[in-house]
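Asker: Submitted below is the structure of interest, expressed as structure tokens.
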Amino acid sequence: MRKIIHVDMDCFFAAVEMRDNPALRDIPIAIGGSRERRGVISTANYPARKFGVRSAMPTGMALKLCPHLTLLPGRFDAYKEASNHIREIFSRYTSRIEPLSLDEAYLDVTDSVHCHGSATLIAQEIRQTIFNELQLTASAGVAPVKFLAKIASDMNKPNGQFVITPAEVPAFLQTLPLAKIPGVGKVSAAKLEAMGLRTCGDVQKCDLVMLLKRFGKFGRILWERSQGIDERDVNSERLRKSVGVERTMAEDIHHWSECEAIIERLYPELERRLAKVKPDLLIARQGVKLKFDDFQQTTQEHVWPRLNKADLIATARKTWDERRGGRGVRLVGLHVTLLDPQMERQLVLGL
């Protein structure tokens, strides 16, 4: 049985700012773009979250909820330096590390001899070491599979951890809401609830063939996760090539204004996700995806050096006009392709 740890730093960007400037610790702060430039919030500290300020929220809305919010532009070199230090701490315990972003990673400690092989104690020691060396707090989840470790890391935030032992998995899954499973969004959760499926325990009683007919390959993933099955390895060679966000509508849309409004809502989340893996927002390409009511889909991309909302909207409009053919649209997606590290190095050297 594997021993997987998911480590997730607590409000990472904001925590670095509070560490380096203690005067910020007890006041609401957020990292994000200015209201004048229609920026979005990347991270907010816990005092700000008490006012409802959240990641991916437009800065203007955040300031309405919390007028005395201290807005910081972000110091991504400092965040990267802290992230590298955290990664080095992980490497003291295992070489099997899969970074997901600057502030979270999976660790496979199945074969680790540290702490007498106890994943629970390893997670505790890693969190304590991070605090001792960086004065930052982390939360962790421990489980036999990746998706449960990720869910567990959110159970006792901030500065806590949660353990799901192999023996506890069946009982934990019985009452686990499907919306907690990574990849199950609001629309999917609503469709599942309409079918009477609210928890993993409900899905365990379902026929796999029915789920496959209704949801395609997602149906298999849903069934497997509900059984506690997740055979994905912690991939230390993992190199993220793209970042995306999409929305499946409860009802098909037929007017460009509806599509544009969805893009306006999706863009802040894309920006937030990209900032977690690529703080400078430099990219190779960006593009849009539309899926139609006949389940055909189309993707169109542009070579573009930096994330740009105006270009995404223009690309989507061109795709809407030229490829829709009068069909309803059931899904709108935005994505970026990241620069190849070797190409990025050449660009930097060229400067």
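Cβ from N, Cα, C; glycine included.
Pulled these features from Swiss-Prot for this protein:
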- Glu104: active site (ACT_SITE)
- Asp8, Asp103: Mg(2+) binding site (BINDING)
- 4-185: domain 'UmuC' (DOMAIN)
- Phe13: site 'Substrate discrimination' (SITE)
Asker: Using DSSP and collapsing to three states, where does Phe13 (site 'Substrate discrimination') fall: helix, strand or coil?
Answerer: helix
Asker: If you count Cβ atoms within 10 Å of the Cβ of Phe13 (site 'Substrate discrimination'), leaving out that atom itself, what do you get?
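Answerer: Taking all protein chains shown, Phe13 (site 'Substrate discrimination') has 29 Cβ neighbours within 10 Å.
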Asker: To the nearest whole angstrom, what is the C-alpha distance linking Asp8 (Mg(2+) binding site) and Glu104 (active site)?
Answerer: 4
Asker: In three-state terms from DSSP, label Asp8 (Mg(2+) binding site) for me.
Answerer: strand
Asker: On the three-state reduction of DSSP, what should I expect for Asp103 (Mg(2+) binding site)?
Answerer: coil
Asker: Tell me, how many other CB atoms lie within 10 A of the CB of Asp8 (Mg(2+) binding site), whichever protein chain they belong to?
Answerer: 19
Asker: So what pLDDT does the domain 'UmuC' (4-185) average out to?
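Answerer: Over the domain 'UmuC' (4-185), the predicted model scores a mean pLDDT of 94.
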Asker: Return the residues near Asp103 (Mg(2+) binding site) by Cβ distance under 8 Å, restricted to its own chain and a separation of at least 6 in sequence.
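Answerer: For Asp103 (Mg(2+) binding site), the qualifying residues are Asp8, Met9, Phe12, Phe13, Ser83, Lys276.
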